[in-house]
2 protein chains.
Amino acid sequence: MSSVTLAEYLFTRLVKLGVHSLHGPTGLRWVGNANELNAGYAADGYARIKGVGALITTFGVGELSAINAIAGAFAERAAVVHIVGTPSRETQDQRQLVHHTFNDGEYRRFSQMASHVTVAQTRLWDLEPSPAQIDEVLQQCLRHSRPVYIEIPVDMVDQPVPVERLGRPLDISPLPPVSCSKVVLARILDRIYAAKRPVIVVDGESRPMGILGQLQRFITSTQWPFWTTAYGKGLLDETTSNCHGVYRGRFDSPEVQAYVNGADLVLYFGPHLSSTNTFSCSAIPRDELAIYISDTAVRIGQELFRDVPAQHLLVVSDNAHQRIPRLSSLTLSEVAGPSPITQDHLWRLLAGYLRPGDIVLGETGTAGYGVREMALPRHSRVFTPVTWLSIGYMLPASQGAALAQRELMMADEYQGIRNARTILFIGDGSFQMTAQELGTIIRLGLNVVVFVVNNDGYTIERCIHGRHQAYNDITRWRYLQAPQLFGGSEKVYTASARTWDELGGILTTDQLWNESGLRMVEIVCDREDAPSGPLVEYLQRQNSV
Amino acid sequence: MSSVTLAEYLFTRLVKLGVHSLHGPTGLRWVGNANELNAGYAADGYARIKGVGALITTFGVGELSAINAIAGAFAERAAVVHIVGTPSRETQDQRQLVHHTFNDGEYRRFSQMASHVTVAQTRLWDLEPSPAQIDEVLQQCLRHSRPVYIEIPVDMVDQPVPVERLGRPLDISPLPPVSCSKVVLARILDRIYAAKRPVIVVDGESRPMGILGQLQRFITSTQWPFWTTAYGKGLLDETTSNCHGVYRGRFDSPEVQAYVNGADLVLYFGPHLSSTNTFSCSAIPRDELAIYISDTAVRIGQELFRDVPAQHLLVVSDNAHQRIPRLSSLTLSEVAGPSPITQDHLWRLLAGYLRPGDIVLGETGTAGYGVREMALPRHSRVFTPVTWLSIGYMLPASQGAALAQRELMMADEYQGIRNARTILFIGDGSFQMTAQELGTIIRLGLNVVVFVVNNDGYTIERCIHGRHQAYNDITRWRYLQAPQLFGGSEKVYTASARTWDELGGILTTDQLWNESGLRMVEIVCDREDAPSGPLVEYLQRQNSV
């Protein structure tokens, strides 16, 4: 019986799942992020593009530094495998007082902490069951699209295990229909056939549910009007005439609000009803109109049917719909002039420069709201704050996403696209949190364009509370010097704009859009400038007090 | 009955304890660190100098980003008060799906995670008992010199509580002697009177035990030879002739090993016997020689006497001792020349430039070993890796320590010293982890000298494992550009040295030592250069394979 080491077993499983890069702080392995939190964020970004990602850290210090990223992956459903290297079994059995512990011989605290933010945990302590333990947690990781935790004592890494089991694929097939599935399907069909004015909402949990292909066909064949949430944005083709962008609830245009409120059926796929994702809950349809189809249940009005697999419910129908506003881009000529750049127009202008397959990231803050307004070309993906909202996440996530994108393009598994880019929009305050990950982007030569929206502090916090609070001010950095500090060549493209004309000059520069590697643009905005919507309303509320 | 708000109550308590600065990410309060982990590290550094420090974060994302710093404060006993702002009680009671949660209405996970790394936790949910709850956790924080966790829902912040209780001091008096105290004291005195060749070891937990003043008098009056551990270094006056530096176990000189092994009594104060702090356990004396005096017990040989307060045991005696080597510094003329800088001499050379009251920080890595070799002037303090060893800790900790130092000097509570500096020695890999905190040092105008020991990657990891592993390589930064990126003026002193002569030119520059604000020096060393001791041995072991 041929064998592999336990580590090879685990890594082979990961490679078969498409994980070709492991994130971790330098000092451990491979991608070499500047620190563990950033590595966790990067693994999350990678996972959202490729389906699953992995992170290696040391126990104690390393895993706790990364735990906020793991928690974010849990909240927003990224399948991240967190591998933790622990001391030898002998060291642990003897309760030795080694470094990275609390000097008390207790080694089990960290996994207990991890159990709050992962869907499965395992400790590879006995060799014989270890391969099955690995398989089980990886299956949980994929089924739930949430992080899992694997502890490997250092003396287990090179132990041999039989190779045969690797031939057996992981079991991640969907559950069979439960007994109530037919009833639920009939109820849904009744509502569909009766609907005079149906609408569809695509929310972000449609991705971990694995129904995007079916959903795309359903939407194409019904031609029903559909909206997404921020979380659902970019998951389906948004170039078709029945796509109307992100539904913004009471912040949307009167026509759109009237249309959605006048619907007689809202089919809501993959619901994730957090306040940020639903424009302070105002984008949640009334119970009597809605059918929510999630991975664990279908809810029709107030009735909840558990464990109905969504795959069995997506049926085809036809319908017509009225004219409803769609997202539009702006051109340079519409904004040109020496006046300051403002976010009411910025995002629709920038949308015109996107290209199929681009990955667009908008960090928590004004950028996170801004990207919701951008009309997307096909096969684009969007990262925008949904629920976890960990400021600092997006820069390392852009590294992970760009790496995943490059791997997919090179393997010709990216819709035939080979020239897509990763474009990060980030505020100055957020940039400071995890700026050093630019160094990893530079070292890996990833195709990333970074726009730093410099509004001199935490504008989103100024909007929500503390318009004039000193704690929303930050150290003023010279942002465009960052590529040089972090090891970039002198040819890295950088530019700064305060006016529409200056921005126009930059956006028409070929180097910005068509070079490879890192490019970086600073856009200077007023401290209290924000995209239209909730942030502007919050600001006005403070101004009126 | 006059009242204050609950927040004022808490902050007043903190101010009375000497906490004049609160650390937190910008976007929350006061010091304005670049991110929460850095804020946690800074609060820890502040606490080790002033006795207690505080950190404010938001719940969920903020607290989890900081939790590794809290864990480090737990492991190495820094009294950090972690204040966590949570959503209103109504929001939590209704299990609303707000941001920074897992979108499941569950708000209690984070405090459960915190319970593993703090000695006391409290949730200010009912107004009436809240002041007493605050007092209780602060008392625990001070008694244990370990972090505590306080949750404040946003709607509680401005609720009024009676002011009277603030007049009552916190109860942190030491426990009275337990019944066995006299027996233990008699046993210790017997051993002391019988001892022909006693030695003293001062370990780091002497600081949280609150016995440094007594211990200094004991050592001065006995004139017994004493060593410290890395953790205990800098806690007592090391300029006296009976101080022999850090005892390095089997890595120490033959004379020192012979002396310590030939002792007939080792009085070991504040033991913290982790592998890193004891030179892989080789600096732990034999049981039959040692009396360990810790905060929870006295151990004489194999016998353990619990709950004996150390304050009652420190008695005075007299004795003579032989000549044993002491730490010596090197002068420039002893190393001058065009040859490369090597760490076998570097640390003893730099020691000559220290000044009373300086705080010296050596990051995990070669610097952490290097500072153990430095002879210290009076009232200096040293931060060096002890047990938690979270790479990236020292730079933010230097911000916190420098701020605490400045506050103490300005309040004239720093031994009459007004011109002390904070001096950080840090490797290139570590610097990358938390580099942005230089921005906070710059903004606050703190008197910090940073030496970046640039050896092109993780030399300490190369020593321990993976001499040629790519995962010990890092992105090559242009380190001296950092002050400019992070907002420093163009006058910030920076310099780089590869040879002893170049270093000599820098060390004799007045600006380096006598300016205020940030100064930064890059010292380029060979990849495999390390201070003498364990690291060199590890390297040689790899070379011989």
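The backbone N, Cα and C atoms fix where each Cβ goes, and this holds for glycine too.
What TrEMBL lists as domain 'Thiamine pyrophosphate enzyme N-terminal TPP-binding' is A:21-96.
Marked as domain 'Thiamine pyrophosphate enzyme central' by TrEMBL: A:185-307. Averaged across the domain 'Thiamine pyrophosphate enzyme central' (A:185-307), pLDDT for the predicted model comes to 93.
Sequence annotations record features per position, and here TrEMBL assigns domain 'Thiamine pyrophosphate enzyme TPP-binding' to A:376-462. Taking DSSP states H, G and I as helix and E and B as strand, the domain 'Thiamine pyrophosphate enzyme TPP-binding' (A:376-462) has 36 helix, 16 strand, 35 coil.
If you look up TrEMBL, you'll see A:ASP428, A:ASN455, A:GLY457 marked as Mg(2+) binding site. There are 23 other CB atoms within 10 A of the CB of A:GLY457 (Mg(2+) binding site), with all protein chains counted.
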> Residues with Cβ closer than 8 Å to the Cβ of A:ASP428 (Mg(2+) binding site), same chain and 6+ apart in sequence?
Replying inline: A:VAL452, A:VAL453, A:ASN454, A:ASN455, A:ASP456, A:GLY457, A:ILE474, A:TRP477, A:TYR479
> Relative to the mean position of the Cβ atoms of A:ASP428, A:ASN455, A:GLY457, the recorded Mg(2+) site, which additional same-chain residues have Cβ within 8 Å?
Replying inline: A:GLY427, A:GLY429, A:VAL453, A:ASN454, A:ASP456, A:TYR458, A:THR459, A:ILE474, A:CYS525, A:ARG527
